[in-house]
Amino acid sequence: MKTLWLTTYTFNWSRGSVHWLAMESLPGINDLNQPLTGVGGDDEYHRLSILQGSEWNIEISSETRLTIRVISGIAEIFGTELAIGKEYNFRNYKFGVYAVEDVELEWRCPELTGETLSISPNSTAKLVYNLHFALEKMRSSSFDGPRVMIVGETNSGRTTLSRTLCSYGIKFKSYQPMYVNLDPQQAIFSPPGCVTAIPISDILDVQCSTWGQSMTSGATALHSKQPVVKNYGLERLSENKQLYLDVVEQLATSVNGRLMNDSLVRRSGLVIDIPAISELDEDNNDLEYFAKQFKVNVAVLVGISDNQKIDAIAKKLVPLVGNHIVNLPRISGSVKPEDAFKRSLQRGAIREYFYGTPDTVLSPYAVGVGFEDVTVYRPKNVLEDTQEVPTQLLPVQVNPSNLQHALVAISYADRKAAPEVIQKAPILGFALITEVNDKRNKLRILLPVPGALPNKSMILTSYRYLE
Amino acid sequence: MDKEGEIIVKDFISILEELTFNSRPIITTLTKIAEENIPYAQHFADALEARIDRCPPKQKLYALYALDSICKNAGSPYTIYFSRNLFNLYKKTYLLVDNATRTKMIHLFKTWMDSGDSLAGAPLLFERSALEKIEQFLIKASALHQKNLQSMLPTPTVPLLSREIDKLTALTTERLKNQPMDEKLKMKLVVLTQLKEELHREKLAPGALKQLQLQLRQIFAQDQQVLQDIQRQQQHEMAMLQQKQQHQQQLQNENQSVPSKNASFIPLFGDSSASSGISGLFGSSMNTVGPNLTGLDKNYQLSKIQNLYDSLQAEGLLYNPPKESIVSLYSKLGGHNHLSSGAMDYQQGVNLPPLPLLQGILSDCKAHFATVNIDILNTPNLQLSQQTIQDDNPVVGSSLIHLLYRAKPNKCNICGKRFGNSIGEKKSQADHLDWHFRINKRIKGSEMTANASGSVTGTTQKNIQSRNWYLQDSQWISFKEEESVSTTFSLSTDGTAHKVTTANLEDQTQYSSTAAADKGDQETAKFTIDESILLKKHVIVPESAVDMSFQCPICKENVTGLYDEELGEWVWKNAMEVNNKYFHATCYYEAARNNDNPLGLQLDLEKLKHLVSE
């Protein structure tokens, strides 16, 4: 392969970062709409050095693709080390490549040329290492490992920190820390709208915003993970806080059951990633609730600058965690979740659930059923459903306006089951209603698993996906 | 010896066996045991002598250090016990070890002699007769060594000797600069000039040349020693130190290439103090020598780096490359025979492995030594608190951090996962790579069939896959991650023990409104077993089979033969034969259960159950 060197750069040794002075693209070959076979001048490998302790922060839209290949040195993404010489592909993603040691890499991406690459020293890596080894000490000194709750504002790096701690946790000893995602807006090992828990038993996929694959029926390039998934179905917590807390309790019951059963996971502990504090109640009762449900013994606050808020949180949590409460600044390289980006990640996660990734292509299965073959409920939305209803789930009429392109959760509960039973039942998986034909009373439903439509109740989520 | 004694002696021996590197803690422990258990002194002495006698040559020195430490701290009766056999032990060891270790041994011996001298009248550490015998032996040995050295000198020629005279002249000039009033030195200069003239004018006999060469070498060595002593003295003075730095800077300006190469290479050994010492020493002499004598400079530099290399090797900090290594490969390629010059020549286009690779190897070594005795449980300052997280923790930054990276030096090329060097880690790395290989083969197979756009005639085993249903809570609670991350599970059982398929789904009636919970549990258990039994069903590929494959009439998927090592036969997994037709066992079962009979096939659930229970 021919490599064209288009870039000039100088090192600024004193500051430990790289400044790009000039990056000229070749004229005339900058057309994204060219056929795939024509590798344009801009789609060539460029070389980049990142000095130890610095981080290259990258934003890649869904329109383009970035390929990174590490030549030498130790580079990691959210705590997961990159292999040397392997091509990693990224699409629609914001992330940072952190240089643990001086890194030489090659990258190519038509979109990135002509812009300034953002490389800056990572000021919080040291804190994360300190935190990790403190947790590691807890793991080695007790059968009950650290149960860490990460509390922070949006854009403070809660998930970045969680992911890094999980990745570090599996590196030295074969620990399996369990990641608990309580933020239904982010989709990790599942479509959005859920709360999940996953023992991280092997390396994560750095290319995936969903961290990797949940179980499939065939071979995956990395070991797939086995999550437990609880469907909330709505978008914002305020839409039905009661239901949300209920779902969290169900998840906690499963997680605690697993911890009782699995001494390795128990020793490795939990990393609990909760919604941004602005989504939670003012009095921090939600924090206390999470901490109690999961028997949290370490609280990590990130990026909270308001001292009053810190004191208020500490007051709630200190009785539960003692002096195991630390306050970190905003994590370097954390991703700013703008709404559009968050939507695109959610979309990507739904696609990935059914169709997999370029590395792991999945074959979902479409079935045609009659209107009478499905029973659909939806979670009550307190902002809209003002009338008094005794249950959290309300029946949904099968028609295009309700169900077209909707993501539905399939419950383990029977179609005839009462709403209370359905609400407590585990989730079998998700299905996508791709077509609702009013005239013929027919539905087309995309199932992740080949076979007939399970004879189970469905719960409508707030998410719509148009293929 | 009583039981307790046996245990103590056993302990002592097992600790002794761990003394495979120069470890102060181990030696201290051994000394303490020896000191506290004088009644077993004879046993300890025997064990230690046996250890020195039998352990690999490289480790003998450490055992000797242990002997030394015990004798110096505990004294009698150890000194008496060891004196008996000391000479033989010392001699035998000396003859087996390399030169660097010999030097160490001589140092050690000197401390034994000194311990008597320094305190006037105090007795020697060991019996005088034993020490004298060793002394005699060492004198003979070093004389022998000297002879070897002489025979190794290059054949003296006039240009060679004249170059040596030049070097000596340079050295003397340097000394004269420091001591301008020294008449002897002035004389020496004159003599040297004359000698050179003589050499060029007359033809000397080879014998005479040899003699001259030896003499020159001796003077050279002496002068060098004197010069070094002076330099060392200077280094102790602050004022001179500053001057030295200025020298160094000047040097860098004058001759950019040499120090920068020094700087980029030597710190890799983690011994920056030594490297600054070298350039300081070397720098000041270089200024005065001037550009004419670059040969001398180079020798000087090389010998300094060689010294550093030797001392590092003596400390056990360097790894001696086996035959098939990068370093020996490099020397075969015609480079110098030591590593340091190799790095310098790299820039000049010699065909060497890339520098990052070499750096990586050295960083791996460094990480190994930084973490070799690390134990997180006993490391202080790791208690979780605001203070410890916020502060710079040198232990985390310099040692612990390596645990996440280079302490496991073998990085998987496919996923970046790291593996260590222990036997267990090597085994899991091998399993891991096998797993990648198998998985990649299956993924490749799926790409091939995908490219064939719908045609299912390909004979490769396919990897058409789909997302699994999530587990029920109770299944997830008892799920073992081993099922998903094991690299040694056979492919056909990968995670299937807990798989929820549409086939067994209908029977999980725990949440149905009609069935009682108890009954549901029972049925779930029953059908899970069925599922796993079905998957184990197989048919030995009949001779008549075309392509070793058949198409399942229900799912239309092609099933190819796999070799079963236990049976020693090619088999179709998850397959069964009904009325001379082959089916996926699971498909057949599912279809039979649902009474879904699209093909007009005779699907008999009872027959299936019968087959399964065979």
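For all residues, glycine too, the Cβ spot is worked out from N, Cα and C.
Note: TrEMBL annotation is automatic and uncurated.
Taken from TrEMBL as is:
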type	residues	note
DOMAIN	A:50-141	domain 'Clp1 N-terminal'
BINDING	A:E55, A:K94, A:N155, A:S156, A:G157, A:R158, A:T159, A:T160	ATP binding site
DOMAIN	A:152-356	domain 'Clp1 P-loop'
DOMAIN	A:362-467	domain 'Clp1 C-terminal'
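Here the features listed in TrEMBL are painted onto the structure.
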{"residue": "A:E55", "record": "ATP binding site", "DSSP class": "strand"}
{"residue": "A:K94", "record": "ATP binding site", "DSSP class": "strand"}
{"residue": "A:N155", "record": "ATP binding site", "DSSP class": "coil"}
{"residue": "A:T160", "record": "ATP binding site", "DSSP class": "helix"}
Residue among binding-site residues A:N155, A:S156, A:T159 with least C-beta crowding, 10 angstrom cut-off: A:N155
Binding-site residues in contact range of chain B, given that the Cβ distance is under 8 Å, out of A:K94, A:N155, A:G157, A:R158: none
Summary of DSSP states over the domain 'Clp1 C-terminal' (A:362-467), given as helix, strand and coil counts: 13 helix, 50 strand, 43 coil
Neighbouring C-beta atoms (10 Å sphere around the C-beta of A:G157 (ATP binding site)): 25
Among A:E55, A:K94, A:R158, A:T160 [binding-site residues], residue with fewest other Cβ within 10 Å: A:K94
Maximum Cα-Cα separation in Å among residues A:E55, A:K94, A:N155, A:S156, A:G157, A:R158, A:T159, A:T160, which the record lists as binding ATP: 18
